Amino acid sequence: MSAPAAQAELAQAREASSPGDSIHETKHESIDNHVDDDDIDSLNPEQRAALEKSLKKKLDWQIVPLCLMLYLLSFLDRTNIGQARLNGLEQDLKMSKDGRDYRIALTILYVPYIVFEIPSNLVVKRFGPARWIPFLVVCWGLVSTFQGLVTSKVGLYVNRAFLGTTEAGILPALALYLTFFYKREELGLRQALYFSGASLSGTFGGLLATAIGLIKRHPGGWAWIFIIEGLFTILFGVACLFILPNDISKLWWVTPQERKLAYARMAPPVTTRAPDAENAVVPDVAATAEKRVAAVADEASLEYTGKFVLREVMRTFTDPVVLLMAASGYAYATLLYSNAFFSPTIIKSLGIAKSTAESQLLSVPPTAAAFFVSITAAVLSDRYRWRWISIVVLILISIAGVGLAYGSKVASQRYGGIILLSCGTYSIPPLGISWMLNNTAGLYKRATAIALYIVFTNSGGITSTWLFYNNEAPRFSRGFLVNLCLNAGALVLVSVAELYMIWEGKQRKAGKRDHRVNKLRDQGWSDAKIREYLGDQHPEFEYML
């Protein structure tokens, strides 16, 4: 990098930095290619803010709607079997009347789903999200379409196994994909927006299933639920091959100046302890630019950057923050999937619907309400940087909903409980995903951590399939009580994670983790290489609480 370019980088960092950012892995060659000594460094704060506002608006219109639609289709194609069940799936495929065969079909999907999530996320960077994500979409769309053609329960089992295999990589890939474009304090809302596809799938799925279920032709109305929704998924996957940006360099409708800012704003500050304050940590903006500029010129660092590092992957499995967050994900996701798979059946058992069509329509208000709560919670969480407290409040809402749905003897109140628990349980995962991404660094550790989190949440999906039995209607004591206990456990787990991060942050500010850096410096490592090697274990990495 030339001297003028280095000076531009330094000036730009002084304008862009904010004290909350973590150490972020940015390709040094991208900085060299895309951030030159012209427009951005000469902008005053007002101009820069206006330019960033314009950029984020374009990102939001270009990236988020695609992610939302992709996850909506994923969740819809995975859970529409609940609506198909009400339209005669079990009878036509001669499945057991006690629901055992149906639960087996639900369980089978999650076995390959869990197995392939981490491997799938580790190849996102290699193949590029613009190729890998559409490939997954087309594959599961085909499988979902064929689900409408099965003629036996064995055929359904095989199909569900393939559906789990092909869908496994989509949620962790989308979560990782957003980190290529957004800063850590911007992730909560964007994760919530695309994850709202889960609640919207319940809204549109209920309406669509009601209409499709009226089709009376062989092999049954339920088959057309799979066929029509699967074909739409295929078409959308093909479209994504042409419209999904692979990275910042492939963004549509952005000006050259906005593209440069898109790269520049991903540059984090470095923090250093102030010599005149007792163990205080302050942002050192100059150090940020100087170290990053030095890193661009450091060939050893360039060689290290971007390589697959097994050590980075393995660190994920010994990080207490990752493990606590993942375990909490299992606890509250069990309720999420219980609701997704069984709410049509539970609502029908309340006796407030006179027909299958009415039961399906009554599944719409809970998920519609959940959509608005999810977005509101994410906006507040991002604005005030409230990750833990937001999740705790939503878990408490879920617990209140479960208690009302189980404890009340009035059908309308129990239905109100379902609305309440839907608002809580659909709103937690996007904040949980954001919290995990906020507190992990290093591309492959982050990819592994988010995939591990989703492995745990989908394990909750397996548990959920064995909690609600037809012969326990309308109380469903086992299902509601297990979910009540699991959500109470989730409260404990997220609180322990929060306390650990507070304690560890104090240790770092006190200089008790500096030995990690000093040891590597003594071996001649550059600062850039040390930051990438240590990731979130670097003493300067700050947790987002």
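Sequential numbering from 1, following the chain as shown.
Every residue gets a Cβ built from N, Cα and C, even glycine.
Listed in TrEMBL:
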type	residues	note
REGION	1-42	region 'Disordered'
COMPBIAS	1-16	compositional bias 'Low complexity'
COMPBIAS	22-34	compositional bias 'Basic and acidic residues'
DOMAIN	63-506	domain 'Major facilitator superfamily (MFS) profile'
TRANSMEM	102-120	transmembrane segment
TRANSMEM	132-150	transmembrane segment
TRANSMEM	162-180	transmembrane segment
TRANSMEM	192-215	transmembrane segment
TRANSMEM	221-244	transmembrane segment
TRANSMEM	321-342	transmembrane segment
TRANSMEM	362-381	transmembrane segment
TRANSMEM	388-406	transmembrane segment
TRANSMEM	418-437	transmembrane segment
TRANSMEM	449-469	transmembrane segment
TRANSMEM	481-503	transmembrane segment
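Packing against the transmembrane segment (162-180) from elsewhere in the chain are residues 63, 67, 70-71, 74, 77-78, 108-118, 120-121, 124, 129, 132-133, 136-137, 139-140, 143-144, 147, 187, 190-191, 194, 247-248, 433, 437, 446-447, 450-451, 454: each is 6 or more residues past its ends and has a CB under 8 Å from a CB in it. For the domain 'Major facilitator superfamily (MFS) profile' (63-506), the mean pLDDT of the prediction comes to 87. Cβ atoms under 8 Å from those of the transmembrane segment (132-150) belong to residues 70, 73-74, 77, 93, 120, 123-124, 156, 159-160, 162-163, 166-167, 169-170, 173-174, 177, 219, 222-227, 229-238, 240-241, 244 of the same chain, restricted to positions at least 6 beyond its ends. A contact between the transmembrane segment (388-406) and the transmembrane segment (192-215) is absent, since fewer than 3 of their C-beta pairs, 6 or more residues apart, lie under 8 Å. Remote same-chain residues near the transmembrane segment (221-244) are listed as 66, 69-70, 73, 76-77, 80, 83-85, 87-89, 92, 129-131, 133-138, 140-149, 208-209, 212-215, 252 (criterion: CB distance under 8 Å, separation of at least six residues from the stretch ends).
Contact between the transmembrane segment (192-215) and the transmembrane segment (481-503) does not hold: fewer than three of their C-beta pairs are under 8 Å, each pair 6 or more apart in sequence. When each of 362-381, 418-437, 449-469, 481-503 is checked for Cβ pairs under 8 Å to the transmembrane segment (321-342), 449-469 comes out on top.
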